[in-house]
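Asker: Got a structure for you, written out below as structure tokens; questions coming shortly.
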Amino acid sequence: MASMEQQEHAVALLQPEVEEAYTTDGSLGIDGKPALKHRTGGWKACCSILGTEFCYCLAYYGITFNLVTYLTTELHQSNVAAANNVSTWQATCFLTPLVGAVVADSYWGRYPTMVVTCCIGVAGMLMAALSALLPLLIKDTSTVSMASAQESVLFLGLYMIAFGVGGLRPCILSFGADQFDDGDPSERMSKGSFFNWYIFTMNCASVISTTGTVWVQDHYGWALGLGIPAMVLAVGLSFLVAASRLYRFQTTRGSPLTRVCQVVVAAVCKFNVAPPADVALLYELPEDACSMKGVPRIEHTSDLRFFDKAAIVTASDEEAVGAARRNPWRLCIVTQVEELKILVRMLPLWACVAFYYTATVQANSTFVEQGMAMDARVGSLLVPPASLATFQVLTTIVLIPLYDRVFVPAARRFTGREKGISDLLRIGGGLAMAVLAMVAAALVEMKRVRAVQTGMEPTSILWQAPQYMLVGVGELLATIGQLDFFYSQAPPAMKTVCTALGFLSIAAGEYLSSLVVTAVSWATTTGGRPGWIPDDLNEGHLDLFFWMMAGLGCLNLLVFTSCAMRYKSRKAC
């Protein structure tokens, strides 16, 4: 009898350990069974994912940074044609992640999408390297026909790379975050650190690409210079595949875009039907079926009531539900409605983040033009104006470990938050840094123009360092914060799609920057005036442009603060 009691007591003690052995977020192992916590996920899985990210960024930037030089010097394109081709390709690289995200969330899953698109990316980079090898392989042909053949092979390769980026860029971030169990407080804190180290890895790869890869292309030829990125990405693919048994996988849950469209259609069809006062009357799955194809149920919220109409059960709906013939385009469950509400709430914040990139993209355009009008001599060295962006990258690289290891633990003790501060506060800090960067740039421009007008010694280009460093601090806060925010607030079935929104905001900011510069140029050159941004900056008012961007940034920060204060975080049942 005593022996039986001892056995029962032992089983009772061991039972929590058995339950604790599995993740609580429904993730699966490579064998399709529930993931074992001590064998899968965590940093042991993320090390290979970050290794893949490093190789991918090293390869992608190795082609991107010097592509315009290859087009003009080797393929003999004009400056305008080369610039347009590079811009179109880079825009495609920012748009394809939406396609890759939908495919990953709806059909293939994140890991298979990454493997397939990474293979496409490797093949595309090999095609790009082949375009540089063609003159060595085929001797007897005219220069014009050879350039045409090289262009055809190169652009085929480039757009294969764009599709490869479309699968890797959104999936690798969300897949890495998937390796941490939200139900485990310690792993949930580590997830916040993962976003920091993701951007750290990306910036390290950027520094190496702008120095090492570009140097190889300039000194050892384009065949080797374009072949190295292909080899590096192949190594990244091997990192990804080699650690397959360590990963945690999330199941696909159908097309998120279809579910969103169903809610909109159902709500419009019931436009004249008033939502019930008792939200319990809205249609939801029974308690014993608290999921829709694996999607956890989301608690109803009281705002955006129009979309609640999609979950109102009418007389015709009752008959269809009773006969197990519910039409999802006429009646949606509450969880499905709340998924759309989450996306709608995110849109104003997303727009504010997009405008943030309208300001920071000046580091690659007007900041460089400003530097070209300054004294580039530093001692005996002549510093290229574009190389001042190194201050931005190095600032981010240096501050990320300090933020993750020093600031977050200290802030956690004061605020009690796992991440130290909220994602929205972090993004707001980044938006403020962008304003300060514009103010710094305006003050430097005023100093530069004053020196020119008074005949003083030209202003040193090193005066630009603070504005670049402020942009770097903004990236630490806003870029990492918005990626973490969009992932953590996304509905479970839309993690990759919402992560892609973060990358899409960067593209939107770049497009908006072009529109702003064009509008300013048009408005300030009327009547034969040189305008604010003429070819000779000494005749213009670049400082007024920077002050205008600072003012718009302040307005953007106010709008963001208002939206952030009203934002309702996602709640799961």
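Heads up, residue numbers simply count up from 1 along the chain you see.
Cβ coordinates come from backbone N, Cα and C, glycine included.
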Asker: Of 48-67, 468-487, which span is tagged transmembrane segment by TrEMBL?
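Answerer: Range annotated as transmembrane segment by TrEMBL: 468-487.
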Asker: Could you name the stretch, out of 153-175, 379-403, 424-444, 499-524, 544-565, with the greatest number of CB pairs under 8 A to the transmembrane segment (114-138)?
Answerer: 153-175
Asker: Quick test of the contact rule: Cβ under 8 Å, at least six residues beyond the ends. What residues does that give for the transmembrane segment (195-216)?
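Answerer: Distant contacts of the transmembrane segment (195-216): 50, 53-58, 61-62, 65-66, 173, 176-177, 224-225, 228-229, 390, 393-394, 396-397, 400-401, 403-404, 475-476, 479-480, 483-484, 487.
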Asker: Under 8 Å between C-beta atoms and at least six residues away from its ends: which parts of the chain pack against the transmembrane segment (424-444)?
Answerer: 349, 352-353, 356, 359-360, 362-363, 366-367, 370, 459, 463-464, 466-468, 470-471, 473-482, 484-485, 543-544, 546-547, 549-550, 553-554, 556-557, 560-561, 564, 567
Asker: Which of 153-175, 222-243, 379-403, 499-524 shares the most C-beta pairs under 8 angstroms with the transmembrane segment (342-359)?
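Answerer: Highest pair count goes to 499-524.
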Asker: Against which stretches of its own chain does the transmembrane segment (468-487) lie, if we need a Cβ under 8 Å and a gap of at least six residues from its ends?
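Answerer: Answer is 173-174, 177, 192, 195-196, 198-199, 346, 349-350, 353, 356, 360, 363, 367, 388-389, 391-396, 399-400, 403, 419, 423-424, 426-427, 429-431, 433-434, 436-437, 440, 495, 498-499, 501-502, 505.
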Asker: Short question: most Cβ pairs under 8 Å with the transmembrane segment (499-524), which of 153-175, 222-243, 379-403?
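Answerer: Answer is 153-175, with the largest number of Cβ pairs below 8 Å.
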